[in-house]
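*Asks:* Pulled from TrEMBL, these are the listed features:
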- A:9-199: domain 'CobB/CobQ-like glutamine amidotransferase' (DOMAIN)
- A:Cys95: active site, nucleophile (ACT_SITE)
- A:Arg129: substrate binding site (BINDING)
- A:His193: active site (ACT_SITE)
Amino acid sequence: MPSDSVLRLVWIYPDLLSTYGDQGNVLVLEQRARRRGIPVETLHVRSADPVPESGDIYLIGGGEDRPQILAAQRLRRDGGLHRAIGRGAAMLAVCAGYQIMGSVFGGEEGQPVEGIGLLDIASGRGTGRAVGELVAETDPALGVPTLTGFENHMGVTRLGPGVRPLSRTVVGTGNGDGTEGCYAGKVIGTYLHGPALARTPGLADLLLTWATGTQLGPIDDVWFERLRQERLAATLPRT
Amino acid sequence: MSQLPLRAQLASALGRTAATLSRATGRGDGSVIGGRVGLALEPDLLRQLAQNRRLALVSATNGKTTTTRLITSALQELGDVATNAFGANMPAGHVSALSSSKDAPYGVLEVDEKYLPEVIDTTGAAVVVLMNLSRDQMDRAAEIWLLAQKWRRALAGRNTHVIANADDPLVTWGASTAASVTWVSAGQPWKEDSWCCPECGGPLDRKGLEYVPPGGHVSGVVGQASPDENDWACRECSFRRPQPSWILDGEAVVDPRGRRWPLDIQLPGRANRANAVIALATAEAFGLPVERALPRLREVRSVAGRYTTVEREGRNARLLLAKNPAGWLEAFDVLDPALPVILSVNAQGPDGRDTSWLWDVDYRVLRGRPVYVTGERKLDLALRLEVADVPFQLTDSFVQALAAQPPGKVDVIANYTAFQQIRTEFGRAV
């Protein structure tokens with residue numbers, strides 16, 4: 001993104017996948033960019049409309065089984081997201097949106113449904129629902145502090161060699177193998193609601209850094225930090 | 001019901017005793033424990049208590065308790081009505097309600113959305129009232145499309161008459177397997193859960209309304225949509241809004257004969273006008289005409305603490321309950337823009353433990369008035385307001401927030417357990 005231009009956020013399919021406060025990730029990115037003087041434009045793309053290729057950061061959220069399957073079908077048919085990621089755009093994919101980025105995910109009855117193949121992951125349906133607060137230590141290479149959020153899913157996600165775990169779980173289920181989420185290139189996937197970027201604004205700043213190609217200055221994080229400390233204290237086992 | 005079998009009579013009587021003990025010992029209002037005792041002794045008790053009465057079951061995500069109260073008030077014009085007025089909306093609560101009004105020929109029962117199929121099946125209710133479905137407590141509640149699908153299966157092949165909100169596509173889909181339906185245009189301000197066709201997944205087109213993204217440029221204020229603006233149709237299949245016979249039109253209702261009645265109810269806000277129109281349509285299904293039902297609705301001033309005003313040291317706080325994004329949107333419509341507002345949010349089991357839904361609420365409508373934030377999850381709300389550029393003051397408790405006001409009126413919006421805590425603080429205000 002050239003330094004004088006507008007940061008373009010693209011929210012994919014809020015009509016299908018925005019069931020768990022996913023709008024919050026969009027709002028947090030907007031706020032943290034604007035407070036650093038970066039002008040922002042946000043586009044909401046409905047599932048009947050084409051996904052533009054020219055965005056800087058793409059967001060896709062969580063939802064129920066049926067809309068998840070519809071979203072995967074439409075994204076595959078549309079192809080716009082693939083072209084955008086191919087030319088180096090950043091993305092945050094959450095929960096149902098995270099699962100469809102892989103090769104396969106579990107449908108309404110647990111049957112395998114074809115994903116869109118943007119991340120080297122494969123998901124299926126687990127035996128029980130993972131519901132509750134999650135805390136995880138982020139991959140040190142990312143320079144993002146401890147991840148906190150709320151998970152609510154039945155998914156089990158296996159990471160392939162083409163991705164790295166986003167974090168290692170301290171409390172909670174995440175992918176189901178002791179890791180939570182994954183990343184590859186500028187694409188991040190996570191099971192976390194909360195929403196994730198409100199609970200871990202460092203992740204929002206990472207996406208902004210990737211998209212702008214510049215180091216970002218600090219901003220007033222007092223309310224983010226107070227909420228983080230309260231949630232971490234409430235969730236981590238007392239020592 | 002004197003014709004109850006002996007076992008059911010005994011179960012019913014013991015249940016009432018348990019309820020009385022629960023109240024006397026201050027443990028609760030008794031509406032759940034009494035029913036549980038009765039059902040333990042006679043599992044068939046609900047079916048037996050439901051026999052030989054005309055029942056209406058009321059279900060929705062929002063407005064169940066209030067609409068149950070409005071229908072009950074209307075039907076009292078016809079005779080005694082058994083009802084679960086305290087919102088105990090699962091089978092134990094239904095047993096308790098019917099048991100405590102044994103001889104009432106009518107019953108109006110609020111029913112949890114998930115339990116509705118079971119309660120339709122058990123009671124064989126003559127009338128089922130369906131108002132709205134939207135996201136609610138996602139960490140514990142069923143997915144709403146699945147709920148609607150279960151409603152369809154429960155209603156198919158039955159001789160049940162349904163009163164349903166035709167403006168809510170998911171409710172319409174859930175109701176449309178019923179043998180007969182009275183369609184009501186009761187509006188649907190919250191549309192974020194129905195941009196897609198429940199039948200085929202295609203996009204729903206809404207007449208005169210472009211897609212407005214959540215958090216887009218509209219404020220949270222609910223407009224006075226003209227009835228046509230509530231129209232919708234699937235772009236890809238034949239599923240579309242049925243023609244309504246009752247219409248909420250601003251401050252008035254238009255009945256099936258085209259007569260226009262000013263509602264003039266005391267309960268505030270658009271949502272309650274919608275609830276009132278649903279209640280009038282239900283009353284007519286019981287043979288009660290508008291001219292007799294409407295004056296009864298106008299007598300209702302508050303419902304289990306909702307819309308009531310509590311007072312402390314010259315501060316008069318009006319209490320509004322909002323449990324999910326659709327409920328907050330309707331609550332904002334009730335707020336007096338000239339008054340300060342206290343917001344209280346918890347995340348206990350009944351509230352849903354995930355506070356992510358706060359990000360689905362558009363708080364920008366609160367800009368420009370004093371906002372006080374409290375509740376067990378006040379920091380979640382504080383950050384939400386900060387990101388929405390709504391200035392606020394954080395307070396440690398509702399009482400502290402109230403004391404921070406100048407003497408006079410203030411509005412309060414709280415979610416479920418936060419609301420109950422405030423009610424308890426003020427002696428279970430009703």
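Backbone N, Cα and C define each Cβ position, glycine as well.
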*Asks:* Could you tell me the mean pLDDT the prediction assigns to the domain 'CobB/CobQ-like glutamine amidotransferase' (A:9-199)?
*Replies:* 96
*Asks:* Check the DSSP secondary structure of A:His193 (active site), expressed as helix, strand or coil.
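*Replies:* Strand, per DSSP.
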*Asks:* If we count other C-beta atoms within 10 Å, could you say which of the recorded positions A:Arg129, A:His193 has the fewest?
*Replies:* A:Arg129
*Asks:* Under 8 Å Cβ-Cβ to anything in chain B: which of these recorded positions pass, A:Cys95, A:Arg129, A:His193?
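*Replies:* Near chain B, the qualifying recorded positions are A:His193.
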*Asks:* Can you give me the Cα-Cα distance between A:His193 (active site) and A:Cys95 (active site, nucleophile) in Å, rounded to a whole number?
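*Replies:* So the alpha carbons of A:His193 (active site) and A:Cys95 (active site, nucleophile) sit roughly 8 Å from each other.
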*Asks:* What is the Cβ neighbour count of the residue listed as 'active site, nucleophile' at a 10 Å cut-off, with all protein chains included?
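*Replies:* Step by step: centre on the Cβ of the residue listed as 'active site, nucleophile', count other Cβ atoms within 10 Å, giving 26.
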*Asks:* Please report the DSSP secondary structure of A:Cys95 (active site, nucleophile), reduced to three states.
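*Replies:* Its secondary structure by DSSP: coil.
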*Asks:* Reported as an integer number of Å, what is the Cα distance between the residue listed as 'active site, nucleophile' and the residue listed as 'substrate binding site'?
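*Replies:* Rounded to the nearest whole number, the Cα-Cα distance is 13 Å.
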*Asks:* Going by DSSP, give the three-state secondary structure for the residue listed as 'substrate binding site'.
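*Replies:* In three-state terms, the residue listed as 'substrate binding site' counts as strand.
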